[in-house]
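Annotation comment: TrEMBL describes 12-43, 63-83, 98-116, 123-147, 188-207, 219-246, 258-278, 336-364 as transmembrane segment. The domain 'O-antigen ligase-related' annotation in TrEMBL covers 220-352.
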Amino acid sequence: MKPQNFEERLIWYFIIFTYVFYVMGILYPSSALLGWVLCLYLLIQRLFQTKNTPKNQRIYVPWVTWIWCMCMVITLFGTYVALDDFNFGLNDYLRGTLGWLTSSALLALFLFVGCLNIRPQLIYRAVCILCVQSLGVIPICYLGYYLKLPEIIYTSSVERFIQNGPIFYEVGLYSLEFGSEQVRLSLFTPWSPALGLVSCIYFFLVLQESSRTWRYMGLVGVIAMNLVSVSRLALICLPIVMFLVWFPTNIIRPKIQIGFGVIGVLAGLLSTDIIYGFRDFVDTFNGSRAGSSQVRAALARIAFKRWSEAPIWGHGIQEKGSKVVAKMPIGSHHTWFGLLFTKGIVGFIALLLPMLCSFVDLAIKSQQSVNARVALSIFYTLCLFSFGEQIDVLAYLCWPGLVMMGIAFKEKVPESVHVLKEFTSNTTS
């Protein structure tokens, strides 16, 4: 597997050299730069495109990607309005703009990148290589813990110029869970749950690798990444997403319908036991790291309560938290409550709308397209993690999955899907 054009070369070498960028402390800004460079390249290709351009080289931007672009621009405008409402200075405007360029904007940019001539197989292989590399890094991180080496080795000096938080520029070996001293790894991500998110996205990419050897090695690596993150959400995400993707494409089969009918009857008979079992599972899930659950719940309550102070445009920026929330910023650890606090209902809708459009587009295409099913898996993963992480802030890590979603968006809906939709509407009427 070798890259065949400019965009594939950038993506290929960037993924397989992820740890190099991380050790240099520049993974965060370089990922954002990659998105902007490839998007600029796409615009140049689109401007110089003519009628004589071969069909396989033409640039086509689908409607869903345009909606993402417009909504992310709205979030930037909303940030300016919020900062103006609370009389912030020029320095805060610059930080807000730079933060948008390296977070929310990337959600749209890498979807645009998917409109370039990029083979999904190249992404699958590159991610497999990165997962295999992680198998070699994980023992080194645990060795550092047993040798009592410091958690953080050093912080890149690049942070002095960008000033959006040293955690994105720290190079570390491991971390200790707040309140329990449990060892967790984050590898090339800023914190352990972020590694859980990345591992779930990579899992669905690795599954599509055509080479059995690379696929098996990649699966071992990505599962190891999932486990060492010790992320509860990452552990339950994979089976949930796999079921959500499998169910719509198989429910039309008679055997599956009969099977679910039997399960429904049994569930009705055992409903009391199932309800109590579910409650016990939730209690065990939350109690496995009670301190973390309490901090996240407190952050969500505070952000939602303080949203009433600026319901339309939000507060513009996150605020430092107290000891009650382990000094975590108010507006963090939750995409939706974070948006309500920082960008108000405008920012909330600006993310909700493109996500709903993405779901409709991918759900329809997934009936016939393998790429769409992979993209739908990534979409579900982002949705689940949006209730525990800020997916816009972590876009610089999720970008291979975003590119895959962009590739699926530009695919044309097969004619058989149109026929299926028409047949379904006729039979229901």
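Residue numbering: from 1, along the chain as shown.
Here the Cβ of each residue, glycine as well, is placed from N, Cα and C on the backbone.
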Two-stretch contact, the transmembrane segment (219-246) and the transmembrane segment (123-147), at least three Cβ pairs under 8 Å: yes
Chain residues in Cβ proximity to the transmembrane segment (336-364) (below 8 Å; excluding those fewer than six residues from its ends, i.e. six or more beyond): 62-64, 67-68, 71-72, 74-75, 78-79, 82, 248, 299-300, 303-304, 306-307, 310-318, 330, 372, 375-376, 379, 383, 386-387, 390, 392, 405, 408-409, 413, 417, 421
Positions whose Cβ lies under 8 angstroms from the transmembrane segment (12-43), at least six residues beyond its ends: 3, 6, 59, 101-102, 105-106, 109-110, 112-113, 115-116, 122-123, 126-127, 129-130, 133, 137, 154-159, 162, 168-171, 187-188, 190, 396-397, 399-400
Mean of pLDDT values spanning the domain 'O-antigen ligase-related' (220-352): 85
Long-range environment of the transmembrane segment (123-147) - Cβ separation under 8 angstroms, sequence gap at least 6: 1, 11-12, 15-16, 18-19, 173-174, 183, 185, 187, 202, 205-206, 208-211, 214-215, 217-222, 224-225, 228, 400, 403-404
